Structures are given as C-alpha cells and as structure tokens.
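Worksheet: one structure, shown below.
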Amino acid sequence: MLDVNFFDELRIGLATADDIRNWSFGEVKKPETINYRTLKPEKDGLFCEKIFGPTRDWECYCGKYKRVRFKGIICERCGVEVTRAKVRRERMGHIELAAPVTHIWYFKGVPSRLGYLLDLAPKDLEKIIYFAAYVITAVDDEMRHNELSTLEAEMAVERKAIEDQRDADLEARAQKLEADMKELEDEGAKSDVKRKVRDGGEREMRQLRDRAQRELDRLEEIWTTFTKLAPKQLIVDELLYRELQDRYGEYFEGAMGAESIKKLIENFDIDAEAESLRDTIKNGKGQKKLRALKRLKVVAAFQTNRNSPMGMVLDAVPVIPPELRPMVQLDGGRFATSDLNDLYRRVINRNNRLKRLIDLGAPEIIVNNEKRMLQESVDALFDNGRRGRPVTGPGNRPLKSLSDLLKGKQGRFRQNLLGKRVDYSGRSVIVVGPQLKLHQCGLPKLMALELFKPFVMKRLVDLNHAQNIKSAKRMVERQRPQVWDVLEEVIAEHPVLLNRAPTLHRLGIQAFEPQLVEGKAIQLHPLVCEAFNADFDGDQMAVHLPLSAEAQAEARILMLSSNNILSPASGRPLAMPRLDMVTGLYFLTTEIEGDTGEFTPAAKDQPESGVYSSPAEAIMALDRGALSVRAKIRVRLTQLRPPAEIEAERFPDGWNMGDAWTAETTLGRVLFNELLPRGYPFVNKQMHKKVQAAIINDLAERYPMIVVAQTVDKLKDAGFYWATRSGVTVSMADVLVPPEKQEILERYEAEADSIEKQYQRGKLNKDERNEALVKIWQDATEEVGQALRSHYPKDNPIITIVDSGATGNFTQTRTLAGMKGLVTNPKGEFIPRPIKSSFREGLTVLEYFINTHGARKGLADTALRTADSGYLTRRLVDVSQDVIVRETDCETERGITVTLAEKQADGTLVRDQHIETSAYARTLATDAVDAKGNVIVERGHDLGDPAIDALLAAGITEVKVRSVLTCGTGTGVCAMCYGRSMATGKLVDIGEAVGIVAAQSIGEPGTQLTMRTFHQGGVTGGADIVGGLPRVQELFEARIPRNRAPIADVSGRIRLEESDKFYKITIVPDDGGEEVVYDKLSRRQRLKVFKHDDGSERLLTDGDHVEVGQQLLEGSADPHEVLRVQGPREVQIHLVKEVQEVYRAQGVSIHDKHIEVIVRQMLRRVTIIDSGATEFLPGSLTERGEFETENRRVVAEGGEPAAGRPVLMGITKASLATDSWLSAASFQETTRVLTDAAINCRSDKLQGLKENVIIGKLIPAGTGINRYRNIQVQPTEEARAAAYTIPSYEDQYYSPDFGQATGAAVPLDDYGYSDYR
C-alpha cells in the first residue's frame, strides 16, 4: 500500500479497457457467488478465490497448502495463491464483454459529454446506443464520387424498367376494359352495371400507377440518401438501411449500439475538430458560437491530456474486490448481500447469453436485443435509475449502484471518508462541577478506567502488581483496589477532549485535565457552558483521549479550556459569569441605604461610625454582625489601586503598592475588587452583567490569558457563594400584579370599542381598524408595564434577576405579572385581540388558544432554522476550507478604509458604533497621522483598544487597514492582511485555518437568526423585508434579491416621473454622456431616503443629485449590478455590510474579517472574454491567480494577454468550481463532478483540508503544515557537554534505559535476511 504522506497530488482519468485488464487478477465468468452447501466461493464466480485471493490467511482453496511457510506459492490443484486474506479487499477482477457498451455517466450526464464530443443530440445518441436507429460510421467519398455516374446510369435503367413495366401493365388493363365494355354493350346491359365495370377497371389502373410511383419514390429516396450519405447520419428506417446495405454496401459502413459509437470515436480527428471549433468561435455568432464554446471544452480536454476518448466505451467492466461487496450469512441459513452482487450477476448473465447467441449465429434482431439488455445492465451497475426505471430488488426497492455508494450523506465520501468513528471515546450525561478549576473536568471513575485501560494495564505490569498483560487485564476487569491508585497516577496531566454535539464552532471541542469523580456523570465547569452551548437538563457529552505525545501537547497547549477564553468570532471573552454567578456578584456589590453598620458622619454628641482602618477590620465587624456587606462604609485601602481619577488627583507620580487611600464604598465591593488581578483600578460600581463583561474584556486586553483564567475562576466561586447567601428565590408571592391594571385596561377597552363602532358603521376599512387596534393595545401593554415597574420594590427577587442581567427581561416579567399583550400569527402579523391576563392570573380559553398560535410557530421555526443554519455552515466551510495562512506578509500596499468616528457639526467626534467589528484587531496599512503630521500609530501595528483610543484622542476619523480582500497571497492569505487572531489576541499563526474559523463564526449564530420575512404591516402595502437566515443565504449565494432595488449607473441629476403604478427615473450624467433611463419601477417599492448635503434626510425627489452606485428605491441592491457598475472591491464591501446588518439586528457580534474571507472566495474567478495568445478558452472560468500568472507569461513573450471579467459566484457554485475535484465531489453533485474531472484528467494538488482528510493525510493546517512537520531537536551546549562526562556506576547504570534502544520486535517471517547472504 502507498503511504499517503508521500505523494503530493492525486489524478483522476478515464480508464481504458487495457487499464481494466491490467488491474484485474482474472476474469469473472460465472454469476455464481457462494456454494450454499459448503459455503465456499464458486470457481470463476463473483467471489472466486483464484481471482481475488484466499478467504483464510495462508490457506489455499483445496487445503493442500496451509501455513505461512508456503507464502507466495500458487497451488497447482486449485490455482489459489497462498497469502493473507486481506488481499480480497484490494484485488480486482473483470468481465470481458461480448459487445462494447457506453459508460452512462458520459452519455447521460448533463451536458452529455459524448454528445458534445461527437456533435450528436442526446436524443439521437440514445437511439443509436439502445438499438433504435442505425448510424453511418464511415463513407468512402472518393469511391462514391468516382462511380457516381455509373451508379446513376444503373439507377436510371432501373427506373426506366419500372416505368416501362407500368406502361405495359396499364396498356394491357385498358385493352381488357375496352373489351369488357364492348361485350356489355353487345348484351344490352343496364347503365349502372357498365358504370361498375368501368369504375373497377379505372381503380385497378390507379392502383397500378400508385404502386409504380411508390417504387419510383422509394428508389428516389434511396438514391438521394445515398448521394448525401455522411458519417454520423442517423437512419431510423430499418428497411431503408437494409436496401442501402444491399445496393451500396461497399461505399459506406453503418452500425447500431455502442459498437457504432466506438467506430465514430476511432475515426474522430480531435485536432481538426478543435481547430474548426476555434474558428467558429472567432467568426461565428449567436447559438452557433455558444454551442462551439461548449463543445470545445470537451474536445480540448481530450486534446490536451493523456486521456483517450475511447475510455467512454467499455470492452471490459471492472469487478470490485469481494470484501467491498460482502455476502454475510444470517442466522436461519439465509444470506445478506450487497446490491452490487445482484447488479454484477445481471451483467454476467446477459453477457454469457450474448456470447452463446453469437456462437449459435442467432438472427441479428435477437442478438441486438441481447446487446441492448447488456447495455442496460451495465448502466444499472454504474448508475441505477439514471435512465428509465431503476432495477429493483425485493420489496420494490431500487438497488444501490456504484454511483449511489458515493453520493449523499450516506455515501462513501461523507459517511466514511469525512466522518469516522473513533476508539478511546465514551459519552455520558453532564452535571455541573462548581468546585472545578477552569481547566478541569470530572471524569467518572468507571469511564476513566475503561478509557485508560491499556495505560493502566501497562503500569500494573511495570509496578509488578501483575506478571503479564493478561493478568493485568483480569485485575482491571475485577477492579482490584491497586487499579484505582494506578489509574490516579496514569490520569495525572493526561488531558482529555470533551465534545458536545452539535459542534458548531471550534469551541465545541475543548481539552480538560480529568479529575476522578464518583458516580457516572461527567462534571463540567460552569464557565465553559457558554462555549459548548450546554445546560444541565440532560445534555450528554463525549470524551475522547489524545494518545500520542504530539496529540497530548496540542490538546494541552492549543485546546485547553483556559487557553480558549476568547470567542474566535468576535475576540471577546466567552467564559463569563452567567446566571447564578451574575446574581451573586450583583448582590455582593449592591449598596443599600440604611443597612446595618452604615457610615454616618460625626454629629454633636456622636462620633462618626462605619469607618474602618482596613478591609480585615471590616470583615471582623461583618463576622460579629455589626456590619452588612451592602452597607456604605469608609475604608482605608493599601493593597487595591485607586480608580484613575482618584489616582491622578492624589498620586500625581503614580500609585505604588502600599500607598494608602480612603474609599467610600461597601464591603461587598471591596471583596469583589480583591478578586481582580493586583494593580487593576478599583471598580466602585454595582456589578450587573454588562459591567462584568466590560471588566473581563478589559482584563483580556491587558493581562496574560492565565491571569484572566484565574480571575474568572475566582469570580465564579464568589458568584456562587454570594448567590447562595443572597437567598434569591422565586415564588408565587414574588409575582405582584399592579393594582392599577384593571383601570388602565378599562380605559383602553373604551377606545377599542369606539374603533370597533366606526368599523361597523363603515368609517374604517378592515386594515385601518386592525392598525388602530394594534396601536391601542400596544399602548395599553406599555402602560401596564410602566405601572408594574413603579409598583415593584427594588429588592424583589424577580427584579433582581432581571436587573442584574442574569437572565430574563422586562417583557417576560410583564407577561408574568402584568399582561401578555398582542401576539402574532404565523404570517408575522399582529392578531388585534390582546391577551389581557398575566400568567399569574391565568389565561382564558380563547387567550390560551391565541397564545399557542405564536408559540407553535416558534417551535416549528426553530426546527427549520437549525437545519437551514447547519446547511449554510456546511456550504461556508466548503467554500473556504482551503483558506489557510500561508505566509507572514505578502508585502502589499493595498488595504481598505474603515471609519473610527464621525465628526459632528460642532467638531466633536462620535465613536463609530461598529468599531468593534471593523477596525478592532486589524493591522494598519499606512501610518496613522494626525492633523499636524505626527505619526500616532505606525504602519503594521495591531489596532487593539489602547491604539484605537489613542487614534480617537488624536482626532483621527478613519484609517487604512490591511484586509484579506486586498491580500496578495496566491492560495490562502498572509498573516498581516488577516491581522490578529480573534481567539488568541495575537497575530495569527502561519498554518491557521482561517477559512474554517470564518465559516464557523458565521454559521454558529445562524440558529439565532430569525426565519421569517417581516411584513411592514399597514395600509400602504409595503414590500416584504427579507431578513434573518434567508437574507444571509441570499447574499452568500449571490442571488438576485427578492425586492431588488435599481442602483445609479452614473453620477448625475435625476428626473422623476410618476404614473399611477410606476415611477420612471432618468439620470442626466454629470459628464454629459447618454441619459440612463429606469422604466417601469413599481410604486410598491418606495423611493429611497437619502442623506442630503445639508445633513437632512428626505425621500429622493426630482432634481436630486445621485452618486454612482447609489440605491434609488427601498429594498436591496443586486450584488451582480454592484459588481458591474462599481467593480469587485465595492461589491465585496457591500456584501460584508449587508451580512453584518442581519447579524447586528439580532445582537450577534462577528468580526468583519470572517465575512471578508468568505466574500473573497466568492470573487476568486474570472470569466475569459478574449483568450488572446493564452491557452484559456473564451467563456471559461479561471482562478484569478492563474489568470494573472498566465497573462504575465504571455506578455513577457510578447504575446496578446487574455481579457477577463470578474464574476461573483454563490458559495455553492464556488465550492463546486474549486480546483480540487476531491473536495467538490464530496460536497454535492458527486457524479457530475467526477465525470467532469475524469474527462479533463484533473489533478488535485491536495492544498485544502478536505482533500487531505479524505485520503487520510495530516491536514495542511496548524501543526500539520509542512514547515512544522520535519522539526529536528538539536541538543544545547550543556546537553552536549553532559553527554561526554563519565557516567557514575550506580544501580541505574544497568537499568533497561541504558544505551541505544533496540526498537520494536519484528515478526520473523517479515524479516529480510538478504543483508547476511
């Protein structure tokens, strides 16, 4: 077998009959499989041992040779080679066909490759192949031309003879008629008798004429057909063909079935055809040119590569190894077999029957019928159901053919090559483990013992607890006490991987150090739940064990959960306190007026109280019950850094540890600040979730990851501790209904009644009534909410939970205690009947019914969304899987401009709200210079929060940053253009698979995006706004948007004309060019609102000035139009902006760079318009890099470069158009991709990840990249010196570790003795 790590590319091509025979180890001649009595394979059958190898190791069929010592001998009795049985997985056989057959992929695929090659319509091809028509394969033009006059004379003679015969017959008949009439005349017969006789005679004469005419016409048809006879001409009429064959058989050759196709291909001159097609493309027009282009693609493929088109017609069919199509005995003596065996048997049966018929010399019609059946059986074997009715097995189930084994989710590619099962793994339910550190997980003892079994057994033998592995295994199975001690030792420092399905992003698998726990559930650290999207309501997780030292190192360094605190999508921490922890910290840092031990200033006779000399003293007071954690106190602090403003005021030279200052705060806040790293400024605020998030963000920017991990761990512990102390619980008594509710509802009820009356009287139409009612009840709900808010006490547990940001929101509180309000129907419109009850009071039957309406829609939506979002992720991964960081810097000068802030009219700067996802974590492309010309931040610097603050302070509003959109690296991207890796906070490493990270970052929040298209309700018939997931798909698939808005092709003034249904907009260009007219723009799409020069916003009106690319109506611009009008850079920025709008609407933060990676892949290709002196075909798609390289080469040689136009491809199309045929085939349309790749003899350079996973190589990303693969360890000087010192002769000198290791034991029979001879 080939070692996969030693080849660089994989080529696919057409196999010729000779190739098939070379692969084969023998011909399969019989359809038999296994002898049902002996259960041994039949000789020459589909499982024959002579062809495919022995069924048992080192044993021939007849049993003459048994044992490994006869290795390689071929038994003279049964002809079976003595070898391992596993050769039955790799040895192929073949079936010699009695008549050639065509390969269905090439004739039936769309477009038909055979049809394009031979220039035959698929319908005609089908007629020829399935014996419904003859085709002329060759014509001897010269011979026909030379002898045409002779043949014509012969034909004239034949015609003359027929005409003479006719004339003579007519003459004779006329005379007979005359004689008959005369006789009747003499007898004095009646006139009607005479008439009958005359009519009869005339009818016969007419028949004579017609018969002769038919014969003459037939001769004429034969003659004209013969004179115009040309190769590839179809003759459907069998009699005509026979006649031609009899008369002019020596001048032409014709046939039907695959044999005729084979002859046509043999006679086909590829070079001449390619030349003539190129000529047609240069000079032709319209349909003719288009067809020539399509045909040239196929013809040129055979012209340039080593493939012969003869491979599309088969003389032999390969038989795959029997172990790949096994036959298994079930209990009860029956057999289960792979469908392929049935399909092969049909082929063999028909083939054998055809051979017999040919030997017998059966009539042609019978032989042809059998050949047609053979063709159909081979078609079914290759691709069942592609043509006609599929071959079915028992129960009318279509049999799975070779193509079906590759296709789809259950096919070879996706089931076995891209998704494999792994050993050393287990799964169990998860429970929370609040006592764990961030990098730990609790592993149940039993599971750990099973996972680490081999390690434990080896260690037991090493420690002499067991004599050999077998007894060690027995000890483990009986769970002896020593086993647990050894397990503790083995498990130490050996990380395990935990994974929760669905793994939507890379944080779905993380490494932890296992801690043994009792019970059978895995314990999970509460802070990693966010990343795994896990909760403890019965979720399960899988455990995997990294075995090799390299795998363990990677798990520990790259995948340990404490090294994965930041989200790869936004670069912000994911391991944040949530739920209980937030509540606990919120409780701890709340300040309550008048609480026990509060600070009171000195009065006349009272000294001041609530002043403490140190936190320790305050804690003593707390322990004695003289102070509450939430009371305001004054305390002298020396170990905590003062806030920035106090530090600036009190310590102008900077604060040092031990400098004292007094804080007016609560003990709780002091305790909270003690959890933060030393030197972090004191935070004197109430900690709701937003503030906690901001602090952890800040920590992640300023401190090393290890400090952040320790801090969040401390916050977790404190959060749980104080949440327990706070006593926050929820009971029915905490749900308070506002007393004013009834009065509010009665007031609005009256308003609603008056609207209803107006509707009854016909003053309002239905839509207006609905709109008015919706408005009334929305106001009512709002007012009940206000009443609720003012009615609740501050310390109410529900309010505490909501205000702290732990979970829930005010709407939910209002639903519980106030009123539910209006709900929507499945269309997304409001039902104008409100739900007036709260859940505390209980809903009426009608209210409950209305409420279920919306709830059920929600559940159905979620299910659909999950599937859609998963498919979107799959397409994104496929399009971007080969984007890997390949070099440090591509040295480009280019970049994109991002806005940092907007200048207001008064000159102040307002920070751009999207700075987090646009400028943050990028590399500067040029120096950022302020108004005076001072460089604030240098080129090549990373923009973190401090750098952005410095730029804003210097008054800089926009900067030019590096971007993957402008990166100059050929395949993949360079580290500088990509910028900081969001997950590590440092410049991205070479080998990082940024494409996959981008796809996951966009796909993972996909489930949160809403499905529905929103309706702008109301009377004015607004267009649908497509939002959520459908909009993201529409953008990435580069589809024309549903409500497409025209964009201005040129800059200029507009003339707006309105009719009752349409707008007509004319743009008068500034440069005086031709006017651009947009006609028939529907008035349902409103005019676009524009920001005008004076800063006001209003609708587009007559006489306004528009810039090129500006949208004229509401709706979405068509990205293809943007590309045409404004070019590739603008369309990329447009797509990024539009995708971000959808995600931002849902409150999801994703960095622009991820979307840019995908968009870059959508614009990788160029359509060739004019090929110049290059090899490209006009109309074909080419990689931009390849296009530019070829053009440089041609220009250097003084030739004409090719002209191309950038194309925007949707992600599905771009995935299928990738250079890697393995990746494309495993994605979608497997047979089409493979057909195309085989014809073009495609070579896969194995540059992406998928291709390498499929063939089992290490992926070229991360530590699998080439530069990291051959690292050698060089000893340091000290180590070298130590190696030459004289060893001391102590006990360990004789230990087995001494000296050169002898390596693993080698089985004797594999050992080569050649060196010793």
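One-based numbering along the chain as shown.
In case you wondered, yes, glycine gets a Cβ from its N, Cα and C as well.
In Swiss-Prot this protein carries:
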{"type": "BINDING", "residues": "C60, C62, C75, C78", "note": "Zn(2+) 1 binding site"}
{"type": "REGION", "residues": "183-209", "note": "region 'Disordered'"}
{"type": "BINDING", "residues": "D535, D537, D539", "note": "Mg(2+) binding site"}
{"type": "BINDING", "residues": "C890, C967, C974, C977", "note": "Zn(2+) 2 binding site"}
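Panel annotation: around the region 'Disordered' (183-209), residues 166, 169-170, 173-174, 176-177 of the same chain, lying at least six beyond its termini, place a Cβ under 8 Å from a Cβ of the stretch.
Residue counts for the region 'Disordered' (183-209) by DSSP state, with H, G and I taken as helix and E and B as strand, are 24 helix, 0 strand, 3 coil. The separation of D537 (Mg(2+) binding site) from C62 (Zn(2+) 1 binding site), Cα to Cα, is 62 Å.
For C967 (Zn(2+) 2 binding site) paired with C75 (Zn(2+) 1 binding site), the C-alpha to C-alpha distance reads 65 Å. Put simply, of the binding-site residues C60, C78, D535, D537, the one whose Cα is nearest the Cα of C977 (Zn(2+) 2 binding site) is D535. In sequence order, E887, D889, T892, R962, V964, T966, G968, T969, V973, A975, M976, Y978 are the same-chain residues whose CB sits within 8 A of the CB centroid of C890, C967, C974, C977, the residues recorded for Zn(2+) 2 being left out. When the Cα atoms are compared, C78 (Zn(2+) 1 binding site) and C974 (Zn(2+) 2 binding site) turn out to be 63 Å apart.
Neighbour density for D535 (Mg(2+) binding site): within 10 A of its CB lie 11 other CB atoms from the protein chains shown. Secondary structure from DSSP puts C977 (Zn(2+) 2 binding site) in a helix.
Of all the binding-site residues listed (C60, C62), C62 has the fewest other CB atoms within 10 A of its CB. Taking only the Cα positions, the spacing between C974 (Zn(2+) 2 binding site) and D535 (Mg(2+) binding site) is 39 angstrom. For D537 (Mg(2+) binding site) paired with C890 (Zn(2+) 2 binding site), the C-alpha to C-alpha distance reads 50 Å. Note: the Zn(2+) 1 site is recorded as C60, C62, C75, C78; in the same chain, Y61, G63, K64, Y65, E76, R77, G79, V80 also have Cβ atoms within 8 Å of that site's Cβ centroid.
A gap of 62 Å separates the Cα atoms of C890 (Zn(2+) 2 binding site) and C60 (Zn(2+) 1 binding site).
Cβ proximity to the Mg(2+) site centre (mean Cβ of D535, D537, D539, cutoff 8 Å) flags the following additional same-chain residues: I430, A534, F536, G538. The binding-site residues under consideration are D537, D539. Their Cβ neighbour counts within 10 Å are lowest for D537.
There are 20 other CB atoms within 10 A of the CB of C75 (Zn(2+) 1 binding site), with all protein chains counted. Cβ packing within 10 Å was compared across the binding-site residues C78, C974, and the lowest neighbour count falls to C78. When the alpha carbons of C60 (Zn(2+) 1 binding site) and D539 (Mg(2+) binding site) are compared, the span between them is 53 angstrom.
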